[in-house]
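Here's the structure, in structure tokens; my notes come after.
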Amino acid sequence: MRSSPIPHLITRPHANCPEPSRLDARLFRRNRGQAMKSPNFQSVVSQFFEYESTVVVRWPLPFIIIPPLLTVSIVTLTVTNFHLNVTNDTLQVFLPDDMQSLRDLKELLHLFPPRDAQRDTYSIFGSKFVYTVIEDERPEENILSTDGIHRMARLHKFVMGLETIQGDSVSSNCLKNRDDEACTMHPIAFALEDDTPEFAIQFLLRYPSLKFGDFAIDNALVFGGVKVEPKSIDRDGNSPIRSSKAVRLTYILETGESTERWIDLFLHAIPRYKEANSTILWSSSKSLAKEMERNGELLIPWMPWTSLVLVVFCMFACSSFHAVKSQPFIGFFAMFNATMATIASTSLLIYLQYPFLPLVFIMPFLVVSIGTDNMFLMLKSWRMTKKGSCEEQRYIDALTESAASLFLTSLTDGLSFAIGSISDFHAVRVFCTYCAMAILFMFLFQVTFFNAVMSLCCRREVDERHPVFCCIDAAPSKETKILKQQKSHDMASRVANLLFRALNPWPSRLVVLLIFLIYLFTSIHFALGLPLGLDLKLLAPDDSYVSKELEAQERLFADYGGFCFALVRAENISLRDPIVRRDLMELYRDLGGSDYSSPAEFWLEPFEKQFHGRKFSTSDFSDQLHTFLAKEPQLKFRNDIRFTMAGEIEAMKMMFRVRKLGKDNDAPRAEYMRSVMAASRFSGFVYDTSFLLVDQQMTTVYNVIIDVVSAILTMLCICVLMVPRPVSAVCIAFAILSVNIGVIGALAATNTRLDIISMITIVMSVGFSVDYVTHTTFHFVIQRENRLEKCLHVMTEPILQSALSTAIGVSLLSFVHSYIVRTFVNTVFFVVGLGILHGLIFLPVLLDTIVPISEYMVAYERHQENERDQDVYGFL
């Protein structure tokens, strides 16, 4: 038995190796000569990492100790000064920083600060509210029956009766216009508090509104699934309600901590409320934000299981029938290294108070998968080096080769996320920054910590120690016939041989070409039909009450939506002129004269009815206008006119009712109303909350194109540096573009929308696709003969292993019922599948067909004593 191997593994060079000073001198001379023979980027990178690997191999202990200590230090700093910078503006994080509708909203808020929560509904980011929807499930589908009204009354009294421990309730937190007034609620809520609500409600049943002289009650947002008496329409277009399938009760609240506590109580209590023959739906001002956070919470339970599965897979994949050559610890520490990098990078960004989103919880699954891919590259490099007289140089050679490969992989993946980190979208920027930082940490830890661990594992193999109990000598291996067959004809070699025999004949290449053309045509066909725009229902988990409520809103309340607004700047117009007022009224009627909007309120309409086109002097107009606004029911118009300090009208506001609610009608509404405003002689704009999503849709398309093109061009620059050959570079570009077209087409085929979630995954797929095609191309052009066969023999095993580990890393997430998570999982699977097809079939055939034999590249030759010309397939 040998003595304990630990000191030997860490400090003692191999007996046949030259002294360090002599070795350094020889390395320097040979590196200098090699640099003159192969002055390319790949050689420069390899030379740098040869020196770095030399230091790691000789002194592994500092590199094993420092990265974990650094991680612990960062985590300690973060925990002692923990502050999670989470934004509460749920919708804004999915919007670009600057677009037309956002600029319009800011101007609208500046000129007309919200004062009436029921009318000034453009202040969507600050208002507090809850509402319930009760839908009748009986065959007659009429919640306005006597029994249905009593069910409504019980639901209303339940909500009004909710009270926190601190005494917070609707009554104490509801919005009031004055301190002595009752809560700002629809009259139907007060009617439901009556002892006989069925009688009180009968006086309110007109649709879409109820008018008493100059007093109007808006019923459009209260009654859903309405059937009216068409023969009883009054002159204002309102009809008696014959039946209503659902009723929505809204409670508008003041802003404050007590309101937040009461909303939390409401969201906790309302799911347990049941009514016979009724479906109860609900939502609040904070519901979408809380449900989006639940996407991240759904991922947390899967993290330990995914880690366990990946650890078992990696340890099994690194093992062998030959006990000495088994390297289970390499698989374990690959997972440990990726986990450590994820924790360190996330903790650092949180310590720097960089914004955090629940979307970031997906990042560890991606980073861990990338880390395991890199581990297979490193292990492949070690197993393909030949035994020589200097085992220390063998460690350096293997780590040098793998470090250069990791540099390319990490550079392409990191740059693809870095491009996303400068996106106009807050959510994209945050997610990609966390991913880019994690990849940076993982690369630094891999070329230090993991290289040091791997060098010790390799020393253990050379000294023929047990793969688990390193202090014990392994039993002598019995080279049975089965073991010899397994060594010379493993699964990867059989697959490589099979691929070569299948792809080498010319008829097979024609079949591959035909399959590729079918694939490309199908992908483009689906990609052109990719649905556009963000659907709010998809931001919450599949079983979310928010998604159900939004779906019911489109189904039951689609005829009438909320208000949209037109702002007219009045600096250069004179409202004293009746012609100007007439033109404004025509604009008002035109804007509300489509199927997508109808007139709601404009102060000039009752003003003109009172004065009948009268021409005013300056002082007379001012006096009449202020008198007009000082009386009921015109008091509500006071926030529809903006006056300057001199008393002149600076701007005015028109209100319209949204019709045909739903994402399919948002873009036509925006196009029509904006075109009408642009065609008028007035300066101004039209704003509706849905315009944010319309503009976001167009901005998303533009950003996806810009980001993908930028990412592809950046990746090509890196690839051309690594493979500086023109035809090969064109093949790489074509393959990257083909993979991403296929990913977009596959996403469209699975009903994924082009929104910022898919935008992140598409940018991510650019970096991932480079790993497959660049390595294949590099190992093709460094061969002088039998290029296709040698390339497939080198690339088949690592591509299949990395693809399998990546798929395993995210496979468990397919059980998470969330559109956001499902989009990431689908993208990873599509990239993996298409990467295998391109890396092992399409691209090798293309390269072998069009790349001339003269397009050859000398790979970086590792420096070994007496073995400089050995024929070893390097693995980049």
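Each position is counted from 1, following the chain as shown.
Cβ coordinates come from backbone N, Cα and C, glycine included.
Per TrEMBL, the features are as follows:
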type	residues	note
TRANSMEM	302-322	transmembrane segment
DOMAIN	308-456	domain 'SSD'
TRANSMEM	329-350	transmembrane segment
TRANSMEM	356-377	transmembrane segment
TRANSMEM	428-450	transmembrane segment
TRANSMEM	510-534	transmembrane segment
TRANSMEM	701-723	transmembrane segment
TRANSMEM	730-750	transmembrane segment
TRANSMEM	756-782	transmembrane segment
TRANSMEM	803-821	transmembrane segment
TRANSMEM	827-847	transmembrane segment
The transmembrane segment (428-450) touching the transmembrane segment (756-782) per 3+ Cβ pairs under 8 Å rule: yes
For the transmembrane segment (428-450): best-contacting stretch of 302-322, 356-377, 510-534, 730-750, by Cβ pairs under 8 Å: 356-377
The transmembrane segment (329-350) vs the transmembrane segment (510-534): 3 or more CB pairs under 8 Å: no
Considering the transmembrane segment (302-322), which listed stretch of 510-534, 730-750, 803-821 counts the most C-beta pairs under 8 Å: 803-821
Recorded stretch, among 510-534, 730-750, 803-821, maximising Cβ pairs under 8 Å relative to the transmembrane segment (827-847): 730-750
Tertiary contacts of the transmembrane segment (510-534) (same chain, 6+ residues out, Cβ under 8 Å): 94, 503, 663, 666-667, 693-694, 696-697, 700-701, 738, 741-742, 744-749, 751-756, 837, 841-842, 845
Cβ-Cβ under 8 Å with the transmembrane segment (803-821): same-chain residues at least 6 beyond its ends: 295, 298-299, 302, 305-306, 309-310, 313-314, 317, 359, 362, 365-366, 368-370, 372-373, 376, 538-539, 541-543, 757, 828-829, 832-833, 835-836
Residues from the same chain, set at least six apart from the ends of the transmembrane segment (730-750), whose C-beta lies under 8 A from its own: 516, 519-520, 522-527, 529-531, 708, 712, 715-716, 719, 723, 758, 761-762, 765-766, 769-770, 772-774, 777, 823, 826-827, 830-831, 834-835, 838, 842-843, 846-847, 850-851
Segment-level pLDDT (mean, integer) for the domain 'SSD' (308-456): 81
